[in-house]
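Engineer: Have a look at this one before I ask anything.
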């Protein structure tokens, strides 16, 4: 082989460097979140963990409305994920497996809507929400996105390959209606695609920032991301508490990743290659 | 028997009818939602862009005033400049590092590939708000880790978040950290598809690994590289959360952290100039279209030349 030792060493060092850069900010979150405020400002900075993590978590949960915002975010993320799964799987199944007039046109149109830059929508959407009284309401965060082009496109590509036509034919011969076929035959086959879409939607909703920032005006209704930036304003001189909040907002995502990293990575690569 | 027959066909017919509209019922929700929350706002934003509206009172028609104001608005151009600088110092190193990492990870002697892939991808799943807060404290003007480390080497602390040059670097670094692994994963799928005999042939000719990287991997990956450049450009031009979380108050176009979308947000939702804000949004669309076309021209030209 043409790979000499020096080259192998350089490659390993480079990858190692990448791994350290990837992981260090997570470690640093734990370091900062586990220390009392007085120990943060040392020079040279101390790189070891402290032992006040649970005390800091306790403070954040009891002295602020942070925990409440976790519940708010869970509610929004779970509701919108369920709605997205339902509407996208139904439409994706129709586009992938059913024959109907105008399908090609409708699908091209759907793909075209993905090209519209999202920022164009923000001001007039706010106007619309204001007019229909949805400013300050979770409806504005959940309803507009509950059937989205990306998810439909995603489910469609999966259905086209994964559901054999013969299966649908025989269901039809047995007198099963399209909706029953969708529920009892298509949905179970779609499960892997739905799993990715669920993770993707949940994480998107969990991390969403600009739209909730514009729509929500009552602190009681704040999502986690808004509560986080608020924490920064609340504890301007207490970094450990701010980072404890950031850590708490990140931990569920880390847990999801540990459990489902394979599905997530496979889903993202498939999505990119198909596009 | 004779009676059952018509009944059965009748039933079949009714089934047939429901099944005929079923596909339309299945896809309808998307189009209804798009009409209300997608198409209407886009059309309406064209109207707002030629109007004056403070968010409360009547909408007043202005004509082209917002656009002539936009063209001469130095703050808009400075925001565009900030956005482009942040994009350039973020995206170019990010995509290059992602490419090299993908190439290295695919080499035969590297073990635990799946594990390394996951670890390098991990930053992508985090929330941009949490990470911007973390980076804001690491690069704090006074006593963050970055200045602490500079102090160890006897260097003077840097005002990371208030010096225009440095705050752009901090914003870009949030982006680099979050998206290098993501792009690496995309490149890896492409690299795996490159036919093995191309590598074999290059090795037979005595090419070294760096030569293979430049002369085989990069040309073969061209379509995927262009895809990532396109996506990063569109994403980079719309950067907002990183900048807004890092510099939540007192951001100015001169200060470096004000991106176009941040300027749009401030104009509309802080200063309540929704009409002018819409004109900025259209300005942004023109900029995005310009760079997409530029991308497209460069690629078609290169493909023809090749």
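Cβ from N, Cα, C; glycine included.
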Engineer: If you check TrEMBL, which stretch out of B:176-194, B:195-213, B:214-232 is marked transmembrane segment?
Structural biologist: B:176-194
Engineer: For the annotation transmembrane segment in TrEMBL, which listed range does it cover: B:259-278, B:279-298?
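Structural biologist: My reading of TrEMBL: the transmembrane segment range is B:279-298.
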Engineer: Using a Cβ-Cβ cut-off of under 8 Å, list the residues of the same chain that are 6+ residues beyond the ends of the transmembrane segment (B:84-107) and lie near it.
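Structural biologist: Contacts with the transmembrane segment (B:84-107): 113, 116-117, 120, 168-169, 171-173, 175-176, 179-188, 191-192, 209, 213, 217-218, 221, 225, 228-229, 232-233, 236-237, 239, 243, 259.
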Engineer: Any residues 6+ beyond the ends of the transmembrane segment (B:21-48) with a Cβ under 8 Å from its own?
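Structural biologist: Same-chain contacts beyond the flanks: 59, 274-275, 277-278, 281-282.
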Engineer: Excluding the flanking five residues on each side, which residues at least 6 beyond the ends of the transmembrane segment (B:176-194) place their CB within less than 8 Å of a CB in that stretch?
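Structural biologist: Distant contacts of the transmembrane segment (B:176-194): 90, 93-95, 97-99, 101-103, 105-106, 117, 120-124, 126, 128, 131, 135, 216-217, 220-221, 223-225, 227-228, 232.
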